[in-house]
Structure formats: C-alpha cells, structure tokens
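Before any comments, here is the structure.
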Amino acid sequence: MPSNLSLTKDYLSVPVVGQVAAMEAMIYGSFTVLALVALVFHLFSLKTKSQISSANNPHFKRFQHSFFLVYFMALFSDWLQGPYVYKLYQHYGYASNQIALLYVVGFASSVVFGTTTGPLADRFGRKKMALTFCVMYSFCCLTKLSSQFFWLFLGRVFGGISTSMLFSTFESWYVYEHTETHDFPSEWLSVTFSKATFWNGVLAINAGVFSNIFAESLGYGPVAPFMLAIPFLLMAGLIITQTWKENYGNQSLNLRRSCMDGLRSILFKETILYLGIVQSLFEANMYIFVFQWTPVLGGANPPLGMVFASFMVCIMIGSSLFSIMLAKKFTSEQLLVCAVTLATLAMTICTYSTGGTHLYLSFLAFLILEVAVGMYFPAIGFLRSQVIPEDLRAGIMNWFRVPTNVITCVSLLLVHNNTIIGSTQAMFAVCTVMLGVAILCSLRFVRLFGSSKTPLPLSEDQVPLTKAES
C-alpha cells in the first residue's frame, strides 16, 4: 500500500507532467501551423514581379544556382555542427566555465583575426579565400576528434576565422559577379538574398535531422556531425575550383592600409556607419538569444529539436514576407526598420515574460524574433550591396562583425559570472535597449540613404536607386 508521502509526490507530479505534455503539444501544433503559413507565403513570394522576371532569365538562373550550390553546402556544413558543439565539450568532460571560455575564444578569434580576411580576399582573390575557408573549416572539424583542450581551443580559433570568411567572402564574390561580370539588375540581388535566407531555414532543419540521426540514432556520438560536415566542405571546394571565376577588390593596397581604409570608410561615411551599427546591434542580439532560449524554455522540458525547427520555419516566413512586401512598393531600407522594430517588440515581451513563468509568452516572443531575422537578412544584404564600395567590400563587412563579436563575448562573460547582468531577464532588457538604439540608427540610415543622390555605386553605369530598384 503506498505511503502518504508517495501519494503526495504523485499528486504534485500530475500538474508538472500535464504542463510538459501541454507545452509539447503546443510546440508540435505551432510547427505544423507555421510550416503551412511558410508554404503559403513562399508560393505568394514566387509570384512577385522581381521573382518572375529573374526566373525568366535562364542565364541568371544558371548563375544563381552555381552560387547557391556552393554557398548552401557551406551553410549546411555549418548547421550540422551547431547543435552538438556544447554537447561535444560536455561529452569530453569539460565544466561549464571551460565550455564558456571555448565559446568566447571563437568570437574573440573572429574579432582579432577576422578583420584581416576581408582585405586578404579583396587583394588576393575571393575565390582563393572561399577555398581557404573550405580547407580551414575542415581542419576545425578534425580538431573535434581530440578531447585535449589545446586542440579544441585551436579548433575554436580557426572556427572563428572561418565564420568571418563564410559571412563576408561568399557574398562579396557574388555581388561582384552579379553586378560587374554579368551586369544583372541590382534589384535582383534582393531576390537572391531572400531565397538564400528562405533555403537557409530549410537547410538548418535538415541539418538538425541528419546530425541527430548520426549522433543519436546510429550511436556515433556527438563528434559524428563534425565528421559529416567535412565531405560537404570538400565538395564545395571542388565545385569552386571548377566553376567559380576569380574576382578582386582593391589589389593595390597593402593589408594594413586596406584594413584602415575600410575602417575609415565606416567612420567617415554616414550611410555605411549607421548601417554597420544596425547590423552589429541586431546580430549581437541574435547571438545572445541563441544562448538564452534553451534555459528559458528548458523548465518545461520541451522537444528542443522541434523548437529549433519552429524557429527556422519562422525565418522562412520572414524571408517570404520580405519579398511580398518589397513587391508592395516597400523599400529594403523600410523593411530593415520593420525587422528591427519587430525584434525590439519580441525582446520587450521577453523582458516581461522571463520575470515570471510565462513560458508560452516567451515562446511566442521567440517566434516573432525569428520572423524579424528572416526579414532582416535579405534587407541588410541588399543594402550592403548598395552602400559599401566594391574595392573594400569584404574588409568593411568583417569590420561590421567586430562590435557584434565583442558585445556577444562581453554579454556571455557577464551572464556566466553573474556580475553586472545577473539574470536572463536583465540580459533581455539589455537586448531591448540595444535594439532601441538600432531602430534610431536605422531611421537615420533611411533618411541618409533616401536623400543621397549617388549612393556608392558598384559600377559607373549604376545611378541612384529608383523606386523600381528598391
């Protein structure tokens, strides 16, 4: 016969089990609804004028597909690793403070060394730098075979450098080929960036499934996703070698002068400066969120894979929404303001919801944030192509990432050490303030960009943007 104590425990466990089951049902239901919404929005986005006109150009489609084939392999290899970085370090027996140090090393490496990869790409060739990325990131994956701290530390250093290459070199190569080599209309750049954001979400979901199958279902352990990424990186490198043409930025500058010229352009050209501030603050907020959402929802023991998949579907919705609104005569700069405002709303809700046990409200806020992310990436990609000078493109893009990585490093250290920022709620409040500043800067950018008669051209025949182009 059960004791009174065991009956009490069983009674108390019923609400907890019920809450967990309700949370799980809500997440699966949300994913189903969001997936349907994403499909409908994607079908609508395919019917916009820019999408139709670009799709009817077979030369552009071939060029775009040749870029996507390589870029998506690189992104897929990156997504394969993401879910298992922390788990691998835990598997090797490292404490949470040591794991936090390894994470910070990756961001710090991107700050210290990442700024040089852009000028090197501009001077020696973006194709060569893309190939270097494939080799370097493959080496980074191989370091995960060792449990020694030195090799894991070295892997994070190379991982930080590789990430800087991934998010600057590939875009720089594409923008040059699109505008200079093929002379396609500039508004078709937004088509490419919107598609890239949409399919990035699809890749992330599939990468999560593949990494889970190899690590868990087949029992190869948390190192398996890193080994699985290497063939995709090597394949991407082989295709780059065979199909990409080389292009350059300013080859006449030495490394130090190129870095300084890029920084000078940011500081003394207001359109570049304000766009850079918006990017740095928004993406810092995004990276901080990546480290915060699991602890916030973890109390209800939700299916984390489905939560992540829901986030990715929201990014897909955001990218399709960008295309649809662009066709409704909104400009890319206006949509950037919309994305930042939506993210600020999400972080404001998080600041309130994490003060109590409002898990459903927090989950809703996270979904809103991911929709904002989906709108943000095609908008910022297009605007960078319009305001950053071609000869310093990769270098300036890497300078934009420096404040992002510094803010992320400092935030992680402060939260981990419980110093100035002592709670998740306080961290979300800081994120809200940062995004508030980003809104002001984005509004200032809109005024400057709109009043500028000659935004920094990509080629001599590119005159100020018309309404049709924006």
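Cβ coordinates are placed from backbone N, Cα and C, and glycine is handled just like the others.
Check TrEMBL against the ranges 155-174, 395-414 and you find transmembrane segment recorded for 395-414. Sequence-distant residue pairs (6 or more apart) of the transmembrane segment (305-327) and the transmembrane segment (25-46) include at least 3 whose Cβ atoms are under 8 Å, placing the two stretches in contact.
Here the transmembrane segment (130-151) lies next to the transmembrane segment (67-86) in space: the count of CB pairs under 8 Å, restricted to residues six or more apart, reaches at least 3.
Between the transmembrane segment (272-293) and the transmembrane segment (25-46), the number of CB pairs under 8 angstroms, six or more residues apart, is fewer than three, so the stretches are not in contact. Count of Cβ pairs under 8 Å against the transmembrane segment (98-118): among 67-86, 220-240, 334-354, 395-414, 426-446, the largest is for 395-414.
Within the same chain, residues 100, 103-104, 107-108, 110-111, 114-119, 121-122, 160, 164, 167-168, 171-172, 249, 258-259, 261-263, 265-266, 272, 276-277, 279-281, 283-284, 287-288, 291, 384, 388-389, 420-421, 427, 430, 434 sit at least 6 positions outside the transmembrane segment (395-414) and bring their C-beta atoms closer than 8 Å to a C-beta of that stretch.
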